[in-house]
């Protein structure tokens with residue numbers, strides 16, 4: 001019975017991944033097409049999604065690579081430092097037998113769903129597998145399409161923004177009490193850094209400032 005319960009939770013996680021899957025496929029497709037357009041091989045584009053699985057950071061990597069190798073390495077790292085916070089929250093919420101696997105699949109959208117819905121690690125792994133499969137599959141389709149497609153700039157921008165929009169839609173219902181203050185404080189800090197052309201630094205500063213500023217009233 002215990003085994004069936006774990007299996008059921010894994011399937012439930014897969015089901016909950018459906019909204020993420022629907023958003024990931026077109027964006028990953030765009031990544032595959034863009035990578036081929038910028039001169040990356042099929043293998044390189046696929047390895048980026050298979051081994052990195054980091055959405056916006058992958059776009060940053062392939063667009064910055066030809067300009068500066070250091071920027072292509074360090075900007076994605078800075079963009080992903082927020083996942084340290086995500087991982088610590090999930091680690092406190094769930095008892096993890098496979099922390100390295102769970103950490104690898106923890107994207108913004110997976111975190112937004114799992115922070116309230118995940119009942120155990122099996123659910124989280126199912127949620128992550130569905131999301132990861134969609135991202136890798138979408139990339140493969142984009143790589144196959146390659147440079148035969150002309151990627152309109154407006155379409156590209158809309159598809160990339162859809163990931164951020166999905167994250168907001170999944171996260172907003174969870175914002176209550178001091179979480180609202182954390183979101184507003186973090187957003188203000190991020191915006192200030194963005195206006196100073198320090199967007200990457202602003203992401204990290206916002207991730208740190210939001211929780212700190214939200215706790216000023218002693219809650």
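Using N, Cα and C of the backbone, Cβ positions are placed for all residues, glycine too.
The shown structure was predicted, so the numbers you read here are calculated from the model rather than taken from an experiment.
The transmembrane segment feature in Swiss-Prot is assigned to 14-34 (among others); the stated evidence is sequence analysis.
Look at Swiss-Prot and you will find 37-57 (among others) tagged as transmembrane segment, backed by sequence analysis. Cβ atoms under 8 Å from those of the transmembrane segment (37-57) belong to residues 27-28, 31, 63, 65-66, 75-76, 79-80, 104-105, 107-108, 132, 135-136, 139-140, 142-143, 146-147, 151, 160, 163 of the same chain, restricted to positions at least 6 beyond its ends.
Feature annotation from Swiss-Prot assigns transmembrane segment to 123-143 (among others); the stated evidence is sequence analysis.
According to Swiss-Prot, the feature transmembrane segment maps to 155-175 (among others), an assignment based on sequence analysis.
Marked as transmembrane segment by Swiss-Prot: 189-209 (among others). A Cβ distance under 8 Å defines the sequence-distant neighbours of the transmembrane segment (189-209), meaning residues of its chain 6+ beyond its ends; these are 75, 78-79, 81-82, 85.
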